Ligand code: LLP
């Protein structure tokens, strides 16, 4: 459930009509709902707790939505943060998320990033390969400390979904095999710079069926048991993120309750602290991208293009993954739907949000909302075509606030510098 509903003929976010936000901030703009973020976090947590999975760490995947106000909203409920760069760690810390609730993942952490994580007391470094484990050890020893690590395993299961976001097959770059994990865990336990506390996996994103997750989790459980059988301490099992969300044209994904029940079943009797790294399931349906129709361009042969002020630089998922986002007029007109291609103003054909979509009739000046845009939306935006970075707004009940302002053109130009040999006019 989300809090974007029609109210008095207009799409609202909680108690704020979207046209009021468009008027105050302009478009394009991302709009997030506090109540939806809170609800999604709480539904997942309650499901896990009620299945007897103890006091799990729910480390929100910052890559899905990294705005500090969003992170703080979740942090206040007890969420941790799953991060993949120093920048994301800094965001989580700036949001007030305690360092011990921060997990540091990613296949290519630099020495400087590992040192930053250790200096700041980050709770768990998810080591993805043998060389990375040695780097973590060397950095920790040079700082006179030990790095708390989990070994990321690549369970070699096919998660389905889009190939560009599948991570759990052995030909993907992520994690080590089960046999390597056993060897590395034993090695780490005897290493002065490392404290291995657990194992972790993440097999992909937008996973709608539980079967691949279950297959991976069963294998992870056996790994924990084998490690313990070898006398190694395993305190934590981090099961990653990946649960899909409804994008309206997709098969309805498994619910958090189904997910929690499956985990309780596969992990029955295993005494371990569970950790999770959900991103999309918390943030996707908590946000929309609001845009204004510039005009309708009708070709003589009949194709009708809705040209928006939002483009692929603001929301790249359709261009990059052929992703489907529901598009809703903020004030839908009655009457027969019209078949449109919805496009942005960028100079390439890939700047097409959808083709042949039936929508209520649109006119220049109308506002439309791209639904389910709270995850992998603003975080993947850019200034391509020198378009200003898209702003973000957070709604809370009947209030809203700009949580990332639209930059000015001066801001954009001031970031660049002219080399001395080009500085003079001649
Ligand atoms: N943990 C790790 C280690 C990850 O790599 C990811 C996502 C997550 C957690 C969170 O996964 P989620 O719960 O959000 O599915 N840009 C793509 C999605 C890329 C996901 C990458 N990793 C998209 O727009 O669909």
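Every residue, even glycine, has its Cβ placed from backbone N, Cα and C.
It should be emphasised that the depicted structure is a prediction, and the values quoted were computed from it without experimental measurement.
Here TrEMBL flags 30-374 as domain 'Orn/DAP/Arg decarboxylase 2 C-terminal'.
What TrEMBL lists as domain 'Orn/DAP/Arg decarboxylase 2 N-terminal' is 52-284.
In the three-state DSSP scheme, residue 63 (N6-(pyridoxal phosphate)lysine) falls into the helix class. Sequence annotations record features per position, and here TrEMBL assigns N6-(pyridoxal phosphate)lysine to 63.
For 242, 277, 278, 279, 280, 376, the entry in TrEMBL reads pyridoxal 5'-phosphate binding site. In the three-state DSSP assignment, the secondary structure recorded for residue 280 (pyridoxal 5'-phosphate binding site) is helix. For residue 280 (pyridoxal 5'-phosphate binding site), the same-chain residues lying six or more positions away in sequence with a CB closer than 8 A to its CB are 61, 64, 205, 206, 241, 243, 244, 245, 375, 376.
Annotation source TrEMBL lists substrate binding site at 280, 317, 321, 348, 376. Here residue 348 (substrate binding site) comes close to 312: these same-chain residues lie at least six apart in sequence, with C-beta atoms under 8 angstroms from its C-beta.
Sequence annotations record features per position, and here TrEMBL assigns active site, proton donor to 347. Listed in sequence order, 385 are the same-chain residues at least 6 apart in sequence whose CB falls under 8 Å from the CB of residue 347 (active site, proton donor). Reduced to three states, the DSSP call for residue 347 (active site, proton donor) is coil.
For residue 277 (pyridoxal 5'-phosphate binding site), the nearest neighbour among the listed recorded positions (63, 317, 321), judged by C-alpha distance, is 63. Note on proximity: of the recorded positions 63, 317, 321, the one nearest residue 242 (pyridoxal 5'-phosphate binding site) is 63, by Cα distance.
Checking each of the binding-site residues 278, 279, 317, 321 against residue 63 (N6-(pyridoxal phosphate)lysine) by C-alpha distance, the shortest gap belongs to 279. Residue 376 (pyridoxal 5'-phosphate binding site) counts 25 other C-beta atoms within 10 Å of its own C-beta, drawing on all protein chains shown.
Ranking the recorded positions 63, 277, 279, 321 by how many other Cβ atoms lie within 10 angstroms of each Cβ puts 321 at the bottom. If you draw a 10 Å sphere around the CB of residue 317 (substrate binding site), it holds 21 other CB atoms from the protein chains shown.
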